[in-house]
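Undergrad: Structure below; questions to follow.
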Amino acid sequence: MWLTPKRKPHYYFCKDVVVTDITTTPVTDETVTQQSPVQNDKVQNDKLLISVSLAVVFAVVMMLIFNPDQVQAAGKTAFAALTNTFGSFIQLFAFASVCTMLYIAVSRYGTIKLGEGQPEYSNMSWLFMFICAGLGSATMYWAFMEWAYYYNGIGLNIEGQTNEALRTSLSYVMFHWGITPWAIYGLASITMAYHFHVNRAKGLNLSSLMVSILGMKEDSTASRVMGRSLDLIFLFATFGGLILTTTVTVNTVSTGFAELFGMENTFAIKAILLALITLTFTLSSYIGIAEGLQKIAHAACGMCFVFAVVVLVLGDTGFIVDFFVNSLGLTLSNFVEMSLFTDATNEGTFNKDWTVFYWLYWFTYTPAVAIFVTRISKGRTIRQVILGLIAGGCGGCWFFFGALTGYSVDAMVDGVVNAPALLNSATGDIAVAQLIANLPFGTILSVFYFVLMMLFLASHLDATAFTVAAVSTKNLKQGQDPTRELRVFWCVMLSLLPLAMLYINASLDTLKTAVTLTAAPFVIVLMLCMFGLKKFLSNHKFDNVSEK
């Protein structure tokens, strides 16, 4: 079968399956694709890192519970200050990442081979792994609803709630989930892969890469301080992304089940759902069923595309395809303007509220994706990696969003479900529930959709708990696992902030603020990646005939 690797087991990365070797965990070339269990008798918890994280989480939760309005107002102010000050720079950097990847892909640097030997995975298997990398529980919500936010107020100086806004809505969705974010992934991934496979670095982790780029000594005080700082940055960014994903998912699922069974969608229902999901991934961490959960998550990636195909077939297929093709043309023709649109003269905020937010949101996943791509791309050329990310990752997102968004738009045009109106009068969660319910076999598809979201989220939280536990463990060697007690501790901790957000019924703006503020430091990391990639490629010796 085409999903069978040539020699070694598959790796998958989706937004709900997190790679664990982010900062401090060393991985050698011989063990990059397989681990063997090692006893945990010598691992030690990083008490300082845990204490700082615990203090921050506890403080934020208390403030959210007792002063929700003030916290949300302060977050809104901080979001505006950050995006107003650095928004244009972030847009420029993202656009520069696209230009850099394009140049490298067509230049002789694209022929550089990342490691010796033949690729470990067939082309189809390798591409499917990239396709899975763009999927997650929150993605399933955005695919139905993101266009509706844009229709109500869109960029490019287009008036909201007009035919032009409707025509452009999916193109902006495809822009935010398209070439630019995957180019950002490519920047970090190629830098990491070159560092590991060509420079033969000892560690497959972010701190090892930064030490190499900055020319530090591995065991120096400066490198240790930097490693600890990267740990904290990663932990807080993980929490920020998790808040958005978990809150959006639980809200959507609870609303869906409330609509299905005629119940009132109360905080109690949301808390019970989150508790069930938390119990699932806590048991996974404690009794060791994580492998089973990840297999479910891998299967869920394929099930997402089955769901998209079903929507495409059961909906108005002709309209969905036509709308997608038209939107693709608009995305490509307006790409530069979308990338650099700031609306300075009208003092609009669309680019800050959405484009800058999305670039920061994608930034939070770059370390994990870079390690993932490095793991599966040995023997590939740089050009193949860039094209694979665009064809697999970008193409997969465009297909999924094209099918679900096209159906959602058609439902509004036909007067069946008006998603933009429901955003204003109710919530996007209700719109999603009604959109699925109005499909043929709506009840069955609704249950399938909401259970799929829960499975994605459970696997995401489980993998995140393991990752955070690994980062907060000292001297964790290859093959070792963090203690079960620490994993369970983080399972509980990871649920507290989303629970607080559900309790105060936090707005989408508040959730976006959490992502933006915690992801901002990664801009510096990615700038160093761009500098490091230039440094690596400039010093590359084209010894192999195939590279010339």
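Using the three backbone atoms N, Cα and C, a Cβ is placed for every residue, glycine included.
From TrEMBL, for reference:
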type: TRANSMEM; residues: 48-66; note: transmembrane segment
type: TRANSMEM; residues: 86-106; note: transmembrane segment
type: TRANSMEM; residues: 126-144; note: transmembrane segment
type: TRANSMEM; residues: 174-196; note: transmembrane segment
type: TRANSMEM; residues: 232-255; note: transmembrane segment
type: TRANSMEM; residues: 267-289; note: transmembrane segment
type: TRANSMEM; residues: 296-315; note: transmembrane segment
type: TRANSMEM; residues: 356-373; note: transmembrane segment
type: TRANSMEM; residues: 385-407; note: transmembrane segment
type: TRANSMEM; residues: 488-508; note: transmembrane segment
type: TRANSMEM; residues: 514-533; note: transmembrane segment
Undergrad: Do the transmembrane segment (232-255) and the transmembrane segment (488-508) come close, with at least three CB pairs under 8 A (pairs 6 or more apart in sequence)?
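TA: Yes, the stretches contact each other.
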Undergrad: At a C-beta cut-off of under 8 Å, are there same-chain residues at least 6 beyond the transmembrane segment (488-508) that contact it? List them, or none.
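TA: Contacts with the transmembrane segment (488-508): 53-54, 57, 60-61, 64-65, 68, 72, 239, 242-243, 246-247, 250-251, 267, 270-271, 274-275, 278, 281-282, 285-286, 461-462, 464-465, 468-469, 472, 514.
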Undergrad: May I ask which of the stretches 48-66, 86-106, 514-533 has the most CB pairs under 8 A with the transmembrane segment (385-407)?
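TA: Comparing 48-66, 86-106, 514-533 against the transmembrane segment (385-407), the winner is 86-106.
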